[in-house]
């Protein structure tokens, strides 16, 4: 039986008794193939001998470790409780060379993510210098709020356009196109001679960041294998935080115009890196470019057999979608009426609201002002802002590895609880010390509490990109992602624009109380509704949302005594 004639099985047929595997990764070496005495197992071993795949010792060790991990964590969402089941399809496992190529492509996106972080944090550098009356472009509070928030107002324009662009021309061309306004925005800021040009520079840079956000997350989600997907999707947020830290550090030493010139370097480097990167194989497969998709998958997986299998699965699902719609692509607005799409949209949008209200980005925009209120006039606000950026970077780096090691739901729940309790503690401390003279003790306590808050709340920053990359089905992933980022940035603009006025009414302690309640709300939302996606294939996650249940705990479970290979509480298909 040739590879092209390989028998395919339904999700239910992929589950069999004992350890029989009906579809086995053909790139796996002989010593890690599941042995079985059945006719199917013997047939696959014979097929393995015919193919005679040669691999290095290093690749064998890597694949053995990967398979062990996948067997442990990647049980599908569906099963039949009348039998004892094991994973019947080994999820995509790359060779060492393939993993290196995935990391290489991710690194190109990381450069761009850092470039996007710089304009986000630039307002915290720009505003304090422009408030100086000796500055030629001195501003008042009203103009300052516009400079800080107009970036978020412009970002939805780019986000709205990013969906159609990346669906029409691809993920990589969309990113290359987006870099042009980012570079232009920094040039406008560096050469600004009026407030209008300052605002224009912020608008152009904001449009670019909106254009970049969705294609970057979708590209990484579609090129990554399941065991690495959380790490690769989360990694840009490390670079994003690094960009914020970089602009803070530059702003503490240089004039705002010099910082703007420095902001042009990363866009240039990222353009060069992405120019030589491959396109998303998912986009290529769904746009009838099978040859390019096969080449991209072979480069990303390091194994032509695995690439051919994965491409077969992509095209098979695409053909099924077309058959359901009489050979025509399903209309976008009609797709939005499907329950499998409504569920992830509600989860993502609700979390966006609570994330913004928890202060994740407000603390970035107004870091200097908030720290001045907490620590008093004795504290160096610029240096403190740099310290908060360092803490955010360190915790973002930590969260990326937690995504690789830890269940998503547990990580984000603990993050929200830590953020909520620290915010309530900050608010209580400020209420108690209200009207009292600031002491060194106040500075130390405030510093510890704000750093705990930033460290815990940073877990929220990584989740939107992960949810958009993992929860949305492939047929609308590209287009709807742009619209989701549009809604998110419109909400962020409104909150950022109104922040100075809200702070005047609620005071800083009242704002942190709001941050705390929003953090608790986000934890509850994801605890009840978010499915565990760690180690799952994107096809598995799509299938989960076709179930009737809304709450994660209402899924059917595999009793421990009925499944020796599955963990207790693994979900079953709703009957």
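Each residue, glycine too, has its Cβ placed from N, Cα and C.
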Study note, to complete from the structure: Here TrEMBL annotates transmembrane segment, and of 320-339, 480-499 the range meant is 480-499
Point to revise | Chain residues in Cβ proximity to the transmembrane segment (103-125) (below 8 Å; excluding those fewer than six residues from its ends, i.e. six or more beyond) | key: 147-148, 151, 175, 179, 182, 185-186, 189, 202, 205-206, 208-209, 212-213, 216, 219-220, 223-224, 232, 235-248, 250-252, 256, 259-260, 263, 266-267, 269-270, 273-274, 277-278, 300, 361, 364-368, 385, 389
Review point. Is the number of Cβ-Cβ pairs under 8 Å between the transmembrane segment (340-364) and the transmembrane segment (174-193) three or more, considering only pairs separated by 6 or more positions?
Key: no
Point to revise | Winner by Cβ pairs under 8 Å against the transmembrane segment (259-277), considering only 145-162, 174-193, 232-253, 384-404, 411-432 | key: 174-193
Practice item. Could you pull out which residues elsewhere in the chain have a CB under 8 Å from any CB of the transmembrane segment (411-432), counting only those six or more residues past its ends? Key: 358-359, 374, 399, 402-403, 445-446, 449-450, 452-453, 455-460, 463, 507-510, 512-513, 515-517, 519-520, 522-523, 526-527, 530
Check your understanding: Would the transmembrane segment (444-468) count as touching the transmembrane segment (145-162), if touching means at least three Cβ pairs under 8 Å and pairs must be 6 or more apart in sequence?
Key -> no
